[in-house]
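Student: Sharing a structure with you now.
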């Protein structure tokens, strides 16, 4: 084990000098001896002359020049396997839930090669989520990648929590949750929500929160992914939730300038596409098992053309776009049915009926969108009878796309609903064909299946 000395500290970036014949490799983990505190550094660059530039996986407070640094001769390694279920860990795989050691049988390095082309599998199986708007408009594939796009406060984390709850209870698989640069309060709420739903023993939680140094936020997604890869390689279907992928990019931006790189567009790191690719290419399904991933993506200033969300788009099978305009109408989940897409929405995958209903719903909502200007200027009375019918059905569809969530029961006061895909299709097909034209709009708001609409209408 070679020993070096710190020669420079700038924020989260630390330069260490080693003997010329014992220079650490890129991505090797180094350990700083700083009293009782042990700090791990990760080598990013070799500057020549035995000097390496590293990122600190923790606070660099209290570091000074001349401190001894040991090379561990391997990348950061984290515990994997069943011992991690029900536990909360940090970027280094250390427990932070005060429940003692993890007691793992195996540790894996967080930097791994993506599976080779021969190992990949192509699945067309659908994953039912029980959320009407998602199952109908942007269905998820088992082993696919899904992005939840939205600005601040439109419900990315709540949607994510509902998906985890539904999938854990209805499909009883293992999940890994990587909290990347999100609020500590949300991490706490999330843990208690999982405990209350009795699914905590099927979830591994890895947190690198907002208040932590950029090194933690940059690597915590890889820690969570490594745990998910272990479950996949055991032949399981595992779910990987990342909240929030934008903070992963942002952490890279924070350290990029300190590492001496020139910034690119909007101040992002020049290696943005490569960093995203390294992470996303590992999130994939092989012939032994599958990783289905759901990633929340913060959209800065609601601008989907920002380099960070734009780079993420390229890697996804389905995109769920949350809209501030729909949220302001009080319709939750605030998914935009015209903006959200999925590769699975194909008659060969979902079947002709599902495809026709989804496209029919989109065309009615699109027509309503076009008529809104006329209604705003001239009023409803100036529309033709046919257009009045379209508007009436569109407003019912819009309300029927809302749904009470299990994880939001505390706020809404109404019990959550899980709606099977066949009931979702039946409901929207009925609205489009005019079977429910006689029912009032309010009956369609915040309910589960179409049968509940009929019941609710009787009480109104």
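Cβ atoms are placed via backbone N, Cα and C, with glycine included.
The model shown is predicted, which means the values in this text are computed figures rather than measured ones.
The following feature annotations were taken from Swiss-Prot:
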BINDING   150, 151, 152, 153, 154, 155, 156, 157  ATP binding site
Student: Counting all other Cβ atoms within 10 Å across every protein chain shown, which of the binding-site residues 150, 151, 153, 155 scores highest?
Tutor: 150
Student: Mind giving me a neighbour count for residue 156 (ATP binding site)? Other Cβ atoms within 10 Å of its Cβ, every protein chain shown.
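Tutor: Taking all protein chains shown, residue 156 (ATP binding site) has 27 Cβ neighbours within 10 Å.
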Student: For residue 152 (ATP binding site), list the number of other Cβ atoms lying within 10 Å of its Cβ atom.
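Tutor: Residue 152 (ATP binding site): 11 neighbouring Cβ atoms within 10 Å.
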Student: Report the same-chain neighbours of residue 157 (ATP binding site): residues 6+ apart in sequence with Cβ closer than 8 Å to its Cβ, ordered by sequence.
Tutor: 182, 186, 190, 243, 296
Student: Around residue 154 (ATP binding site), how many other CB atoms lie within 10 A of its CB?
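Tutor: Summing over all protein chains shown, residue 154 (ATP binding site) has 25 other Cβ atoms within 10 Å.
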Student: Which of the three DSSP-derived classes (helix, strand, coil) applies to residue 157 (ATP binding site)?
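Tutor: Once the DSSP labels are grouped into three classes, residue 157 (ATP binding site) ends up as helix.
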Student: Give me the sequence-ordered set of same-chain residues, not including 150, 151, 152, 153, 154, 155, 156, 157, with a C-beta within 8 angstroms of the centroid of the ATP site's C-beta atoms.
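Tutor: Those within range, site residues removed, are 298, 322, 327.
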